[in-house]
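Taken straight from TrEMBL:
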- CYS117: active site, proton donor (ACT_SITE)
- LYS22, ASN23: phosphoenolpyruvate binding site (BINDING)
- ARG93, ASP307, ILE329: UDP-N-acetyl-alpha-D-glucosamine binding site (BINDING)
- 7-407: domain 'Enolpyruvate transferase' (DOMAIN)
- CYS117: 2-(S-cysteinyl)pyruvic acid O-phosphothioketal (MOD_RES)
Amino acid sequence: MDKLKIQASGALAGEVVISGAKNAALPILMAGVLAQTDFVVSNVPNLRDVNTSCELLRCLGADVKRDDSGEITISTIHLNEFCAPYELVKTMRASILILGPLLARYGTADVSLPGGCAIGARPVNLHLHGLEQMGAKIEVKEGYIKARVDGRLKGAHIFMDMISVGATENLLMAAALADGETVIENAAREPEVIDLANCLIAMGANIRGAGTDTIRIQGVEQLNGCHYRVMPDRIETGSFLVAAAVTRGKIRCSAADPSTLEAVLAKLEDAGAHISTGDDWIELDMQGKRPKAVNIKTMPYPGFPTDMQAQFCVLNALADGTATITETIFENRFMHVPELIRMGATMELEGNTCIIQGIEKLNGAQVMATDLRASASLVIAGLVADGITTVDRIYHLDRGYEHIEDKFKGLGGEVVRVS
Ligand SMILES: CC(=O)N[C@H]1[C@@H](OP(=O)(O)OP(=O)(O)OC[C@H]2O[C@@H](n3ccc(=O)[nH]c3=O)[C@H](O)[C@@H]2O)O[C@H](CO)[C@@H](O)[C@@H]1O
Ligand SMILES: C=C(OP(=O)(O)O)C(=O)O
């Protein structure tokens with residue numbers, strides 16, 4: 001099993017090109033099921049989750065072609081299977097996003113129930129309830145969600161009990177082909193929801209309000225393929241910016257979108273970083289200084305993203321001062337904390353809050369990646385730890401970071417993959 005070996009690397013410097021967003025690419029690939037003609041998606045990152053999505057589409061009978069430039073072409077002409085099997089769903093929870101598109105276009109979908117995962121139970125009740133409101137008959141049997149509808153789904157007025165990115169996306173895709181108007185209230189406002197909506201609009205959907213908490217979808221009878229470019233990955237961007245901040249460096253993230261990172265950039269500025277931005281780039285300069293501690297509370301967008309929480313734990317572990325980090329989205333998203341403590345960090349958990357007393361240096365250690373962003377935080381910690389840090393189980397990282405070791409190397413980070 002591959003591992004990453006990381007050595008203290010000094011201040012990161014240089015430019016890193018940001019990849020397309022995993023969390024936008026996955027729903028957009030699933031939306032391919034809705035298109036009657038060829039659908040071309042570009043700026044798709046080369047990630048394990050993208051491979052899994054392509055495999056899932058192929059196992060439904062879709063033709064999926066992928067080239068080296070990050071372009072994927074999907075044709076549904078031969079799509080004739082409607083089951084997302086456990087073997088694929090268990091490796092990628094986002095597989096649940098095939099449910100809405102399959103049901104809306106073909107009236108039938110069997111999708112393995114995703115299990116809980118390391119960061120929380122992550123139920124899918126909101127996805128199912130919304131589809132039922134649109135007329136679907138759903139039963140959960142033998143570990144599978146079996147959803148059926150006679151004819152088209154019907155537009156519905158859906159109020160979401162909780163803000164859910166995935167449920168908003170699933171319902172948005174289903175509603176795009178439904179009969180009549182669907183209103184999704186208390187919808188997620190994440191940039192990835194907007195990217196999916198823009199893609200659906202380019203396919204011929206009639207959607208208003210994406211990016212606000214009320215989305216209105218007037219269903220259409222048919223959607224066609226289009227050429228769509230996936231937005232930049234805001235979490236990858238944020239992860240490199242934090243790495244630069246803790247190493248007291250200066251980097252530029254290009255092919256990025258600063259407008260999607262306001263909460264993160266504000267916290268980095270509070271930590272003492274000088275930030276400058278252009279349309280598609282962000283520069284961070286610590287001017288050689290140690291970051292200052294910053295308090296964080298994770299919230300749905302436009303609040304501070306849970307997917308950046310682990311990275312800010314490392315920033316605070318090395319900062320001047322004491323900070324608290326409160327996680328409000330997932331009930332078990334602090335598994336990096338015991339690993340960081342093994343590297344010498346002074347941090348303590350009280351319920352959903354982590355209290356962190358910053359110190360000057362961490363010590364390299366053998367640590368274990370437990371989930372995607374926890375893994376990223378351990379790599380960042382390794383860059384400022386004395387000695388060697390070995391991060392095990394990096395298949396988590398490969399789910400969400402493209403060529404991570406090469407990108408760090410390009411910034412002067414000593415990160416090496418060993419088999
Ligand atoms: C592929 C993808 O885009 N993943 C992102 C997506 O995950 P995902 O879409 O799974 O996250 P949700 O926004 O749905 O989850 C938010 C909260 O709602 C709960 N919930 C969700 C659905 C449901 O039916 N019932 C329910 O109770 C979840 O357990 C969680 O506590 O948004 C999360 C929150 O920003 C991010 O951390 C993930 O990186
Ligand atoms: C939690 C994440 O992803 P997923 O929803 O795919 O598990 C993430 O991207 O940090």
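Cβ coordinates are placed from backbone N, Cα and C, and glycine is handled just like the others.
Bear in mind that TrEMBL entries carry predicted annotations, made automatically and left uncurated.
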Secondary-structure category, per DSSP, in which CYS117 (active site, proton donor) falls
strand
Cβ-centroid neighbourhood (8 Å) of the UDP-N-acetyl-alpha-D-glucosamine site, ARG93, ASP307, ILE329 excluded
ILE119, GLY120, ARG122, VAL165, THR306, PHE330, ARG333
Binding-site residues ARG93, ASP307, ILE329: those with Cβ under 6 Å from an atom of ligand 2 are ARG93, ASP307
What whole-number Å value do you get for the CA-CA distance of LYS22 (phosphoenolpyruvate binding site) and CYS117 (active site, proton donor)?
18
Quick one: Cα separation, ILE329 (UDP-N-acetyl-alpha-D-glucosamine binding site) versus ASN23 (phosphoenolpyruvate binding site), in Å?
16
Based on DSSP, name the secondary structure state of ASP307 (UDP-N-acetyl-alpha-D-glucosamine binding site): helix, strand or coil.
helix
Which binding-site residues from the set ASN23, ARG93, ASP307 come within 10 angstroms of CYS117 (active site, proton donor), judged by C-alpha positions?
ARG93
